[in-house]
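Taken from Swiss-Prot as is:
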type	residues	note
DISULFID	C3-C15	disulfide bond
DISULFID	C4-C20	disulfide bond
MOD_RES	P6	4-hydroxyproline
MOD_RES	P7	4-hydroxyproline
DISULFID	C10-C21	disulfide bond
MOD_RES	P17	4-hydroxyproline
MOD_RES	A22	alanine amide
Amino acid sequence: RDCCTPPKKCKDRRCKPLKCCA
């Protein structure tokens, strides 16, 4: 959840692999 909103968190290691960050 937190990884996708806001998308800025996609820079995080654990968030990067998520589809919402691709």
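The chain as shown is numbered from 1 upward.
Each Cβ is built from the backbone N, Cα and C atoms, and glycine gets one as well.
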Using Cα coordinates, what distance in whole Å links P17 (4-hydroxyproline) and C10 (disulfide bond)?
8
Rounding to whole Å, the Cα atoms of C21 (disulfide bond) and P7 (4-hydroxyproline) are apart by 7
C21 (disulfide bond), DSSP three-state class -> coil
For C10 (disulfide bond) and A22 (alanine amide), determine the Cα separation and express it in whole Å.
9
